[in-house]
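A short write-up of the structure that comes next.
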Amino acid sequence: MAVPPSTYPHRLLPLFLGLFQAALLLFFALFVTYDEPSTQAEDTSLVANQVYSTFPFFQDIQVMLVVGLGLLLTFLPRYGFSALTHNFLLLNFSMQWALVLQGLLHHFHHGQIHLDLHKLLISEFAAVTVLISVGAVLGRASPCQLLIMATCEIPIYLASEWVIVICLGVLDVGGTITIHVFSCYFGLGVSKALLRATQQPLHPKEAPTTSSDLMSLVGTLILWVFWPSFVAILCQPGDAQHRAILNTLLAMSASAITTVVASSLLERDGKLSPSHLQNGSLAGGVAIGVVADMAMPPVAALALGSLSAVVCVLGFRFLTPLLGRKLTLHDQCGIHNLHGLPGILGAAASVVAVLVASKDTSGSQPSQLSPALCQAAGLAVAIGASLLAGLLTGAALRLPCLARPPERLCFDDSLYFKIQDQAESPGPDSSAEEGALALKE
């Protein structure tokens, strides 16, 4: 008996994930192990100190990504189940995939990869790029498309990070350039290639409701509270980590207040826009990451946080509609305004900070411009490599077998979940017909 066409996309997802997890089990069984327990008292104490100092930060980041970011994506009223679940799925898939690739590229010695908390943390940072990038196509891509997108993005991110950090020597402890800027333009490239269409009117299921905006704002608050851990975890313990925490708190506090001011001034009736609050309040954390551990006055952190909030709010108010009209560029979550523009601003601030540090060291004029040029070159590499790779990935995602949802079923949980309220879900005949349409597209 033939399988109805509408069931093929749903069976493709468990098949893809099942094969991936089976391959990972085999890989771990053959090549991955833990370090041998040490009998030396000094080594045991060192490992314990590393765990006690790192794991609290690691847990903060877990809360950020699983709960905070997941709730931030629930602003689409009929896509909450999908946004939360796909975010959680992509985090685990991307982390495991990054763990394998990083192990093979950097940690494969004598036929074994020795796993520790630091390697797991670096893999989770790689997964963050995927979680940010999918915001550009949220609700318009199938789970299989998102998984293929993650499969392509992780190795490109690792190569880009290696060039930026190792080859160019760029200073970016909080991932402003390597994570935020890269993931933003990769996602925009995917969106442009995948959704290459003329400008379309607002989808009827795309407009947020009061309850969905409220849930998204809760996600913003969770991200705001735990963001200093994300920036400071890779800093050297001591003064550098202390400075990173303080600078991040100051920048995010300034961005929260400035967002309220800018949003109120831009709206004709003086009211606040939920989307401005949900994103502008976090812009300071994006911008400060590249200079968080540098020696700079507290007023610089406050100024950078305020500027990033203004840039973010102006982006939502003016730049996003302009890019939609002129370039037909679709950016569902506004990742360009939260991650791209503040990331570029932070990179520019790092160039200034490096120049000032060089001048202070030499006593008069900067002895060399190479560190500042390296910061600028790292930004160029992140934008160029991610945009090109995103365009190629988006073109590959147009394969019919990946079953992008039809336009009228975008932003709808009923395509992927059993919804209790049957009145809001399409009937069986309609579902089969629309599933067939998805395969055709």
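In case you wondered, yes, glycine gets a Cβ from its N, Cα and C as well.
In TrEMBL, the annotation region 'Disordered' applies to 422-441, one of the ranges 262-281, 422-441.
Within the same chain, the transmembrane segment (377-399) stays apart from the transmembrane segment (12-34): fewer than three Cβ pairs sit under 8 Å, each pair at least 6 residues apart. Here the transmembrane segment (340-357) sits against the transmembrane segment (162-188); at least 3 CB pairs are under 8 Å, leaving out pairs fewer than 6 apart in sequence. Below 8 angstroms of C-beta separation, residues 54, 58, 61-62, 65, 69, 73, 76, 79, 82-83, 86-87, 90-91, 94-96, 98-99, 102, 149-150, 153-154, 157-158, 161, 175, 179-180, 182-184, 186-188, 190-191, 194-195, 206, 233-234, 330-335, 339, 390, 397, 404-405, 410-411 of the same chain, each at least six residues beyond the ends of the transmembrane segment (120-141), sit close to that stretch. Just going by CB pairs under 8 A, the stretch in 12-34, 162-188, 246-266, 299-319 that sits most against the transmembrane segment (88-108) is 12-34.
Contact count against the transmembrane segment (214-234) (Cβ pairs under 8 Å) is highest for 54-76, out of 12-34, 54-76, 162-188, 246-266, 299-319.
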